[in-house]
Amino acid sequence: MENSFLSSKLVFLLAIALVLFLNTELSFLTAEGASDSNSKVYIVYLGQREHDDPELLTASHHQMLESLLQSKEDAHNSMIYSYQHGFSGFAALLTSSQAKKISEHPEVIHVIPNRILKLKTTRIWDHLGLSPIPTSFSSSSSAKAKGLLHNTSMGSEAIIGVVDSGIWPESKVFNDQGLGPIPKRWRGKCRSGEKFNATMHCNKKLIGAKYYQSGLLAMNGGKFNRIIIRDFKSNRDATGHGTHTATIAGGSFVPNASFYGLARGTVRGGAPRARIASYKACWNVVGWGGICSSADMWKAYDDAIHDQVDVLSVSIGASIPEDSERVDFIAAFHAVAKGITVVAAAGNDGSGAQTICNVAPWLLTVAATTLDRSFPTKITLGNNQTFFVSNLAESLFTGPEISTGLAFLDDDVDVKGKTILEFDSTHPSSIAGRGVVAVILAKKPDDRPAPDNSYIFTDYEIGTHILQYIRTTRSPTVRISAATTLTGQPATPKVAAFSSRGPNSVSPAILKPDIAAPGVSILAAVSPLDPGAFNGFKLHSGTSMSTPVVSGIIVLLKSLHPKWSPAAMRSALVTTAWRTSPSGEPIFAQGSNKKLADPFDYGGGLVNPEKAAKPGLVYDMGIKDYINYMCSAGYNDSSISRVLGKKTKCPIPKPSMLDINLPSITIPNLEKEVTLTRTVTNVGPIKSVYRAVIESPLGITLTVNPTILVFKSAAKRVLTFSVKAKTSHKVNSGYFFGSLTWTDGVHDVTIPVSVKTTISM
């Protein structure tokens, strides 16, 4: 039926989930203990709101549920959430037959089973050119900021929404020293709870703090089981993840921060004077870490839209292939439709192809790179042969220095009091209880190390040299020095091995990721309950970290250009990004096979905040463009109309997904030739002339018409051009990459081009 469960194709294209790393459902989180042991949590999505009165909307949700259950009391007990601000819908405990029945209601677009998923700085801003940092931090000092920071007052009127695991409010990064009044448009609030006092813990920096647990608890009989859920029944952060991401996006200045002396410097967020609103939807569960219920996440989105945040930073991910029953991206669509940029993580499932998640065209999807900083550990063998190895933050050797005997684990020797060498290819054995001091583990470059600082990780080449030394020495020894901090060359940035890669497996013509930002060994504040925290700070790695980097930059752009749409800001980032490092070195992609990074690794490139502030031209998108995407993806008129809250018809003929006005061109199946269009908006000098510069992919001829864009007046800031791609390949090919740049001599507006040839048989 048209109004019940959507077609399988539509559901698949809607499948965007809301939390990082794993999609494993937790066996202990069931509906057992509920009034009906067969009941589960479902989200009933009704589309755009029909009116602005939230009380009337909630009443209508109860009426619909009462009609289904034939009991006002049962409807009240079944209802978990009413979504009434950004969109219309509710979450409720239903049996599968009840879910099927309500899905057939003419006002229901989709019924979505609730899911439980697992949660996936000093140097950053200097590295990206967003500096200098003030030398004084008193309220009376005038911060010596320049460029984007200066022109936006460091984001003082902006509001960053962070959907995560909450906040540790006592952290110095949330001090409100020198901040003016809270923006008048703010409609949110702080909610008190366990060890969180709204009056005491919120201030002019942390202006919002809410928490959502009903969806999670409903899957466990409605109980907050302290044995299983080791968390606070409030916005207070038990895992440290939310505190870390909020710091990166908008933390205040904190000088002399470090992790055991590493990465020492001033910690601050991208928009250090922006206000932070924390929406806790993720909870610390024993054995699983941070987990989140999609019903809770929807409510966080709903409230954030109502509260009028400027950006939503959600360090999230999804399973690959994406689950056809997860349509949580709908909440993000409604946020974007209200002008809120939603910044999402590319995921940590790299470095293989087609591992990218968060692929909807309205999301700003972020990959992770290293910084021009490393933390090398010095390994000195007894023959004075020396090696330097660098690890991710989670497995740094912070000392003190050790000097021990050295042995290979596979040898029949006593390892007590020694450092041992292992290879991951030989299935490392358990060393518990054997008296081993440290382990040098030689591993594949694509493997992400476990967070254990008793391990020193290296590659096979160095491991083989160490093994040869052991084999040829009667009493081998080793000295391992604590990691040190190295910045600048030769520590040039690379796309991290764990960062998920394109191409997009759901909509191949939509390039993902959009952009890359630093996400490896990022220093930020954490909860003191975070294992290994040092004076309230810790180094973490992941696209969880690169996402708030971009969120902080977005609020600066929003402050500078308040009328820009989320799509315009994404375009500004993509078209001005670095395709080499800030120092001019090539950007490589880490993984099993090291290579030069391409658009499937980093989208447009490494984010360049200062350039993004003045992009010259932008590839803008609005609701009409998203409608064309939905039409090209197979959505029917009825479904689109309900999502938008107004009658909508797809154009005839159906739009091509190649014509979606993205700041990129991706042609997944070029047979002979194809022509597509793009539209640019002049946001630079009113009178401008841009000329096309084409770098065609191998074996592909690109032709642009016209080759010159002339902007003559403020009334004519929008121009359209066409691009014809023609292949000379005679057999099927992989993807080849190029670019299209519009230049006026000052601005270089570059979009990546990715083309794969497919020959019909």
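Every residue, even glycine, has its Cβ placed from backbone N, Cα and C.
Residues or ranges marked as active site, charge relay system in Swiss-Prot: D164 (among others). In this structure, D164 (active site, charge relay system) is part of a beta strand by DSSP.
For H241 (among others), the entry in Swiss-Prot reads active site, charge relay system, with the evidence type sequence analysis. Following the DSSP three-state reduction, the secondary structure of H241 (active site, charge relay system) is helix.
The active site, charge relay system annotation in Swiss-Prot covers S544 (among others). There are 31 other Cβ atoms within 10 Å of the Cβ belonging to S544 (active site, charge relay system).
Residues or ranges marked as domain 'Inhibitor I9' by Swiss-Prot on the basis of sequence analysis: 41-119.
Taken from Swiss-Prot, the feature domain 'Peptidase S8' covers 134-613, and the record attributes it to sequence analysis.
The feature N-linked glycosylation site is assigned by Swiss-Prot to N151 (among others). A helical conformation is recorded for N151 (N-linked glycosylation site) in the three-state DSSP classification.
N197 (N-linked glycosylation site) is surrounded by 12 other CB atoms, counting those within 10 A of its CB over all protein chains shown. Annotated N-linked glycosylation site per Swiss-Prot: N197 (among others), in sequence order.
Within 10 Å of the C-beta of N256 (N-linked glycosylation site) there are 9 other C-beta atoms, taking all protein chains into account. Under the heading N-linked glycosylation site, Swiss-Prot lists N256 (among others), citing sequence analysis as support.
Annotation source Swiss-Prot lists N-linked glycosylation site at N384 (among others). N384 (N-linked glycosylation site) falls outside any helix or strand according to DSSP and counts as coil.
Other Cβ atoms within 10 Å of the Cβ of N636 (N-linked glycosylation site) number 15 in total over all chains. Swiss-Prot lists N636 (among others) with the feature N-linked glycosylation site.
Swiss-Prot lists 1-21 with the feature signal peptide.
Counted over every protein chain shown, other Cβ atoms within 10 Å are most numerous around N151 among the glycosylation sites N151, N384. Its Cβ taken as reference, D164 (active site, charge relay system) is surrounded by 31 other Cβ atoms within 10 Å in the chains shown. Looking only at the recorded positions N151, N197, N256, N384, S544, the one with its C-alpha closest to H241 (active site, charge relay system) is S544. Sorting the domain 'Inhibitor I9' (41-119) by DSSP state (H, G, I as helix; E, B as strand; all else coil) yields 31 helix, 26 strand, 22 coil. Nearest to N151 (N-linked glycosylation site) in space, judged by Cα atoms and limited to the recorded positions N384, S544, N636, is S544.
Put simply, S544 is the one of the recorded positions D164, N197, N384, S544, N636 whose Cα lies nearest to the Cα of N256 (N-linked glycosylation site).
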